[in-house]
Amino acid sequence: MAIETPAPVAAPAYWHTLGVDEALNKLQSDPEQGITSKEVAVRIERYGTNELTEKAGRSPLQIFIDQFTNIMLLMLMAVAVVSAVLDIQAKEFPKDAVAISSIVVLNGILGYMQEMNAEKALAALKRLSSPKVRVIRNGEILEISGKELVPGDIMLLEAGVQVAADGRLLEEQNLQVRESALTGEAEAVNKEAHLILEADASLGDRLNCVYQGTEVVQGRAKVLVTKTGMQTELGKIASLIQDVETEDTPLQQRMSQLGNVLVTGSLILVAIVVGIGLLNKGNFGDLLKTSLSMAVAVVPEGLPAVVTVTLALGTQRMVRRNALIRRLPAVETLGSVTTICSDKTGTLTQNKMVVQGIRTGQHSLQVSGDGYVPTGEFTILGNPPEDSHLTVNNIPEVQQLLMACVFCNDSILQQKDGEWIIIGDPTEGALLVLASKGGCDFSEWQHRMPRVFEVPFSSERKRMSVLVQGEHGGNVLFCKGSPELTLECCTHIQIGDQIHAIADFQRQHVLAQNNELASRGLRVLGFAYRTLPELPAGGITEKDESNLVWVGLVGMLDAPRPEVREAVKRCREAGIRPVMITGDHQLTAKAIAEDLGIAFKGDQVITGKELELMSQSELEQQVNQVSVYARVSPEHKLRIVQALQKQHNFVAMTGDGVNDAPALKQADIGIAMGITGTDVSKEASDMILLDDNFATIVAATEEGRVVYTNIRRFIKYILGSNIGEVITIAIAPILNFSVPLIPLQILWMNLVTDGLPALALAVEPAEPNVMKRPPVDPRENIFARGMGSYMVRIGIVLAIITISLMVWAHGYTTTHFDNVYSANRWETMVFTTLCIAQMGHAIAIRSNTQLTIELNPMTNPYVWGSVIMTTVLQLVLIYVEPFRIFFGTYLITSTELAVCFGFSALMFVWIELEKLAIRWWLWQRQS
Ligand code: ATP
C-alpha cells in the first residue's frame, strides 16, 4: 500500500471518537505494514521526536542559593565578617575575609556544579534504561527507542511495558492498563479496541485509547500512535514529567549532621579558650583571632566535594561492571547487603532454553541439538522392538504436542546474520525450535488455523491459553503452563489418537514424569487442549480452560550461568546469603540451587502453596534458614522481603515483572533486569542489571563496599587533620604564643593539602579482604568501629608533633633572630610541619593493616602523585615570592625545612607503628 504523508492532524483530535479504520485513514497507516522508513523520516521532521521536556524543578538560582544554607559555610561567612571588621579597624587590607569569602563562593560554585552534574548524570543513567518499543514498520517487527516513535506508527504492547506515546487501540487481548500516572486511579482499567466513544468522555473513560506513561498490567495490544512528545496527555501535565530524583545518601545525611556537631563543638571550644584567656587577662583581640582561626580549622571545607566525587566515581565503576544505579543512596548501601534474593531464570541461569525431553501418556522421547539451531534428532526411549516403526511423525500425541507448541506461542524464531535467534520469550522460542526439529511448518499452520483469542502467560496463573479456528469448523483451545496446574484443568488424556477419561494412576504417572524431569534441573511445561464448538463471546474464560485433554510434558534445559557458582562462593565468604525465589517447580529449583551452591542436600524448600498456609510470624521464624522458594507468585516475594527485614537482614531483591514492583520497592535494594525486565519493574528499582546476571549483583556489592571503605578512610584522614589543627591553635595562647596559623593558611590546608590526597584516597582499589568480611550495618554510626577514636588519637598525635616543633622553633627563632621576623619564621615552620605531616598520613592510611612497604604504590599511583604535587605546592608558598607575600609565610632555610620534614615524618612512623601494634595484638589473641 502506498502511503502518503498525511495532512497535519488537527489538535485536539478526539481519537476516541473515531473507529479503527477512520483513525488509520487519518494517519495514513496500515495495521500490518505500519509506515515506511521514508515516511518515518518525514514525520520526525514534522512532529519532532517523542521526548518530553524536562521538569522545571528548582531553578539554577535556587540550587546556587541552597549551597549557602550549609551550617559550616554559614559559620565561615560569620568568620569572614568578623575578620573583615578587625582588619578594617586595624587599617589593614582584609585579606583573610576576602580569602574566606572567595572560598565560600568557590565552594558554592563547586557545589552548584556538582549538583547540576549529578542531576544530569542521573538523568542520563535513567535515559540509558529508557524503554524500548516494539513497532511494525515496512511490514517488519522492529524494536526501537521510545523517542523514535511518530504518529502513524503501529506500536505493540504487552504486559509490563510502559506506554511510550498516546495511541488508538487497533486490536487487543485482555488488555489492562494502570493509568495512575494520569488519572490518579490505582486500579487497572480494561481497554477495548472496538468501542467508539462520545467526544466528552473523560480521560479515564477513554477505553479505546492508551496514553503515554501508563503501564500495561496484563494482556497485549496493537496500537496506532496518535500523539507523541509534548502533544501527549502526559506532555500536557508538566509537573509529572521526567522527575529526576535527587536524594541524599545516608552518608550525605550523616555529613550534614556531622557539620552540626563540628560547628557546635567548635563554638564550645572557642568559648572555653576565650574564657580561659580572659581569666588569664589575655588580650581580647588575640583571643578573637584565635577563635576565628579555630572556627576555620574545624570546618572540613574539602569534604563535601570529595564525597560527591567518590559517589559519582562509584556509579561509573558500577556501570562498567553492568550495574546501573538509579538512586544514588544504593551506591553506598550496597556494601551493607546481607541477603540477595534472586530470580532463577535468566539471573542464575542463562535463559537459553533447549528442549531435551518429551513425555506423553505412553512415550518418552529424548531430543538432541544445541542452542536455537532448529536441527536435532528425536530418540524414542525404551522403545520395544515391535514399536521400531515409530518416528516422531507417527506418534499422534507428539504431533498434537508440537501443534500446541506452535499455536500457544508468541515468539519468533529467526535467522539473522547466519545465526538463529529468538524474539520474545526464550521458553516459547525453545518450543518453536522443537517444533521445527519435528518438521512443522509454522506459518502454514498459523495460516490454516488463525488465532482468535489469547490469555497471555502470567506469573500468577503460570499458564497461557489460545483459541484458534479449527480447520473443519469448531475451535481448538491450546493451553500450556506449569504441569501441576495445567493437569488440574484436565479431565482427559490423549493416548495414541484416542482420548480417554484420565484415571488417577495416569495423573500420578504424569506427576512422576514431571518430577523425573524437574529433578534433573529441567524446566518443565505441560500441554493440553480441547475443542470448543462455539466461539466464546468475550474471550477465553476459566470455564473454557476446564475439561482439557492432557497431551504431554516438555523438559528444557536452562543451564546455570558458569560465573554464578564463583559469585555464590564469594557471597558466602562475604557473609551474604544468596536466596533463590522462583516461579519454577521445587525440584527444578532445588537441583539448580544445589548445583550452584545456593542450597545444600537436605535443605528445606518452601513452595508458594506452603507460604500461603503460613502466618507472617511463622515465615519470619523460618526465613533465615530457607534458601529456596519455588512456585511462588510475585506477591509472595513481598512477604519474603518483609520477613527477612523483620529478622534484621538488609535485602537486595531482583524482579522483572509488573507485579514484582511492590517487592522491589520494599527491598532495601530493588534490582530490575535490564534485558528481560519490564519498564514497570525498572521504574521501581534502585539498580538495573544490564546483563541480568547474578554475578553482577555480587560485583556491585563489592564496589559498594569499596566506596564505603574509601569514604570512611578519607573522612578519617580529613577530620584527623582538622582536630590536629584545632588543638594546635587552642594550645598556642595557653603557651603564651601568638596564633600560629592565619585563616588563609588553614583554608589552604583544608582545601589543598588535605583535599587533594583525600581525592586520591577516594579511588583506592579494593582491599584483598573486602569480600572476606561480614557486611557493615547500614545504620551504624559514621564513627563506629574505631573511627571516632582513630580521628581523635591521630589528631592528638598530629597536635603533639606540631606543638613540639612549635616550642622548639619558637625558642630557636627567638634566640637566634631578630624578633620582628622570628614570628613569621616559626609560624611558617608550624604551617609546613602540619601540611607535610598530613602527607605521611595520606601514604600510611591507604591500609589499616598492611605496612606501606607491603603495598604496591602502583595500585593507587594517585596517592603518591597527590602527595608529591601537594608538597611541591607547599614549597611554592614558601619559596616563590608573590605566594609567600600573599600567604604570609617566611623564606625558611633548607635546614629549617629539613627539621619540619623530620618532625612530619614522625606522623608516618606513628601510624606504621600502630599497624604493627594491631597486628601483634591480633596475633596474641589468636595464639
Ligand atoms: P523465575 O521466577 O526464577 O524467573 P520462572 O521463569 O520459572 O522463574 P515464571 O516465569 O513465573 O517463573 O514461570 C513459572 C512457571 O510457568 C514455569 O515453571 C513454567 O512451568 C511456566 N511457564 C513459564 N513460561 C511460560 C510460558 N511462556 N507459557 C506457559 N507457561 C510458562
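From the backbone N, Cα and C atoms, a Cβ is placed for every residue, glycine too.
In TrEMBL, annotation is done automatically, which means it is predicted and not curated.
Per TrEMBL, the features are:
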- 14-88: domain 'Cation-transporting P-type ATPase N-terminal' (DOMAIN)
- 68-85: transmembrane segment (TRANSMEM)
- 258-279: transmembrane segment (TRANSMEM)
- 291-313: transmembrane segment (TRANSMEM)
- 714-735: transmembrane segment (TRANSMEM)
- 741-763: transmembrane segment (TRANSMEM)
- 790-809: transmembrane segment (TRANSMEM)
- 829-849: transmembrane segment (TRANSMEM)
- 861-880: transmembrane segment (TRANSMEM)
- 886-911: transmembrane segment (TRANSMEM)
Beyond the flanks of the transmembrane segment (790-809) by at least 6 residues, Cβ under 8 Å:
716, 719-724, 726-728, 731-732, 735, 737, 740, 783, 825-826, 829-830, 833-834, 837-838, 841, 896, 899-900, 903-904, 906-907, 910-911
Rank 291-313, 714-735, 741-763, 886-911 by Cβ pairs under 8 Å to the transmembrane segment (861-880) and hand me the top one.
741-763
Taking only the residues in the domain 'Cation-transporting P-type ATPase N-terminal' (14-88), give me the average pLDDT of this model.
83
Proximity of the transmembrane segment (886-911) to the transmembrane segment (741-763), 3+ C-beta pairs under 8 angstroms:
yes
Counting by DSSP, what is the helix, strand and coil composition of the domain 'Cation-transporting P-type ATPase N-terminal' (14-88)?
49 helix, 1 strand, 25 coil
Are there residues at least 6 beyond the ends of the transmembrane segment (714-735) whose Cβ is under 8 Å from a Cβ of it, and what are they?
262, 266, 269, 273, 276-277, 282, 286-287, 290, 293-294, 297-300, 302-303, 306, 310, 741, 746, 749-750, 754-755, 757-759, 761-762, 782, 787, 790-792, 794-799, 802-803, 806-807, 830, 834, 837-838, 841-842, 845
Residue numbers, six or more beyond the limits of the transmembrane segment (258-279), whose CB comes under 8 Å of its CB atoms:
70-72, 75, 286-288, 290-291, 294-295, 298-300, 722, 726, 730, 733-734, 782
